[in-house]
Amino acid sequence: MLYDEQSFDKYNKFNASFGPIKNATIYMIDPNSGTVAKEFGEGIFYMPHGLTVDSNDNIWVTDVGLHQIFKYDKNFKLLMKLGEHLKPGSDKKHFCKPTDIAIAHNGHFFVADGYCNNRIMKFDENGKLLAEFGHSNGLGEAANSQFSIPHSIALIEDLNLICVADRENERIQCFSAGIADDQRALPVGMLITKADGVGRIYAIREKSKTFSPFFSPFNASLSSLEVINS
């Protein structure tokens, strides 16, 4: 299936005539043999984008065409679905092309509602919205907590941080996750990367206090504030 500029209209609604992807879209790989152990997703997803496995082996998927997020157990039984089928929105019950999910051990999870709304949303284990923050910086210089496509998020629970790959602003921002003390709000944390004039990203490594260059962050995996370029 080919996606192009005709896939969405000017209101960010997906062209449903494409239909769902007929083939499996999620593959579980045997770590020993490298072969496919299970496959899933035939006729379900339209444009799957983010895939995350939590500490309980649950599988989380974002679909930017459906404007929804899904939670499955390891046997692909549906446990939760948020958002409205094929309907984008910017209120508390809708997403618009959500890009990624990060899940805490207590079941709370964060959604990067990325391509349209430029926001991060925090939910409890039952899917109740606890907090949200962020908005587009438009054409101006981006301030803290402003985004231009929050494309990927990573949760560092031991530091109580949620870090966001702010793709078009070429930076990564980190914020208080509110996990340790069950905060409902998400105060601005720190900007740990910033683009220079040639498109490189510099991240501060907590242990060595040194700077390392990175390019536009499509994805980020973080541990003790060490950013891995991808």
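Any Cβ shown, glycine's included, is placed from N, Cα and C.
Neighbour count (other Cβ atoms within 10 Å of the Cβ, all protein chains): 19 for His49 (Zn(2+) binding site). Under the DSSP three-state reduction, His49 (Zn(2+) binding site) is assigned to strand. The Zn(2+) binding site annotation in TrEMBL covers His49, His151.
The Cβ neighbour count for Leu51 (Ca(2+) binding site), using a 10 Å radius and every protein chain shown, is 13. Residues annotated as Ca(2+) binding site in TrEMBL: Leu51.
Summarising the annotation, TrEMBL assigns protein binding site to Tyr115, Arg167. Around the Cβ of Tyr115 (protein binding site), the number of neighbouring Cβ atoms within 10 Å comes to 21.
The disulfide bond annotation in TrEMBL covers Cys96-Cys116 (among others). Packing around Cys116 (disulfide bond) is summarised by its Cβ count: 20 other Cβ atoms lie within 10 angstroms of its Cβ, all protein chains included.
If you look up TrEMBL, you'll see Cys163-Cys174 (among others) marked as disulfide bond.
Across the repeat 'NHL' (34-75), DSSP classifies residues as 0 helix, 21 strand, 21 coil. What TrEMBL lists as repeat 'NHL' is 34-75 (among others).
As annotated by TrEMBL, repeat 'NHL' applies to 87-126 (among others). Outside the repeat 'NHL' (87-126), and at least 6 residues removed from its termini, the chain residues within Cβ reach (under 8 Å) are 11-13, 49-50, 52, 54-55, 58, 60, 62-64, 67-69, 132-137, 146-155, 157, 162, 164, 175, 177-179, 186.
If you average pLDDT over the repeat 'NHL' (146-178) in this model, you get 91. Feature annotation from TrEMBL assigns repeat 'NHL' to 146-178 (among others).
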Listed disulfide-bonded residues (Cys96, Cys163, Cys174), ranked by Cβ neighbours within 10 Å, top entry: Cys163
Distal contacts, the repeat 'NHL' (34-75) - CB-CB under 8 A, six or more residues away: 3, 7, 12, 14, 16, 18-28, 81-89, 94-103, 105, 109, 111-112, 115, 152
Helix, strand and coil counts within the repeat 'NHL' (146-178) (DSSP): 3 helix, 21 strand, 9 coil
